[in-house]
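Some features that TrEMBL has for this protein:
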- R57, D115, E116, S117, K157, G174, D175, H252, S253: substrate binding site (BINDING)
- H128, H153, D154, H226, H252, D285: Fe cation binding site (BINDING)
Amino acid sequence: MTVLVEHYVSDSRIEEKKTKEESGDELVLGGGFMVPKSKETDEFDAPDINFLGHTFRDYENGESERQQGVEEFYKMQHIQQTYDFVKDMRKEYGKLNKMEMSIWQCCELLNNVVDESDPDLDEPQIQHLLQTAEAIRKDYPNEDWLHLTALIHDLGKVLLLPEFGGLPQWAVVGDTFPVGCTFDPTNIHHKYFKENPDNNTPKYSTKNGVYSEGCGLDNVLMSWGHDDYMYLVAKENGTTLPQAGLFIIRYHSFYPLHKAGAYTHLMKDEDREDLKWLHVFNKYDLYSKSKVHVDVEQVKPYYISLINKYFPAKLKW
């Protein structure tokens, strides 16, 4: 059944207020979010540790209950994400028949979501979206498409909610990877792939698997989750975001590629160009996570104006 949600429309397209207050080594943006500032470049400075006191993406520290939960998550993900499972999920959710609503209303839905796969974050997702977007907005003020891409990149996590089928966490979040070919050792907790049925299927267990070298990532099936779902939503609803924005949305969790350099044999030249923007984005997506909240109402008019620029008023989800 399709649920219709009323759309919020802002008549005022407010020009961005670049009110910045210097405070030591931090830059306070209009939404109240403090961005660590590099003394050398005057740009966003990635911190060394997260708010828990650990290095970012630390999957080896098993002392905390949260870390143990993250490992259990990846065990389930690596066993369950098969080539056939991904094909079934893309077919089902590609119908886009779950709901109709605006981008901003989807942002608000994420107040009900916490990503159990993330060892660096236990905040509602809307804060992570705005923290990422505001940090990018400071360093790339003229790339408004990148601000919006940051805001919406995780919206596919609504798949966790009952209205969207209430998929388990392992089918929505976490690092992504190609299915239909061998599981590269750079994948987090790679050992659990041994129990994945595809691992013992000859056509799926070679370097290229069902693909050909240089075929392009758009011809590769990725493990199912919020990345691919939001890519389908944006594309099928006719967004005017540039291709680099869609690439970021679809592959921002593909850490084996953009952090470890794996699976590059499947890329084509256009992928390599878009990957440059993904490397820019990833710095802000990963390191801007903070306990300092953005004032949502203060920044809302700016992001509503971008949504109206690049998306229709209502989208099918």
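Counting begins at 1 with the first residue displayed.
Cβ atoms here come from the backbone N, Cα and C positions, even for glycine.
There are 28 other CB atoms within 10 A of the CB of K157 (substrate binding site), with all protein chains counted. For the binding-site residues H128, H252, the ranking by surrounding Cβ atoms (within 10 Å, all protein chains) places H128 first. In this structure the alpha carbons, written CA, of D175 (substrate binding site) and H128 (Fe cation binding site) are 17 Å apart. The residues near the Fe cation site, meaning same-chain residues not in H128, H153, D154, H226, H252, D285 whose C-beta sits within 8 angstroms of the mean position of the site's C-beta atoms, are L129, T132, A150, K157, D227, S253, in sequence order.
For the binding-site residues given as D154, D175, the lowest number of other CB atoms within 10 Å of the residue's CB is seen at D175. Around the Cβ of S253 (substrate binding site), the number of neighbouring Cβ atoms within 10 Å comes to 26.
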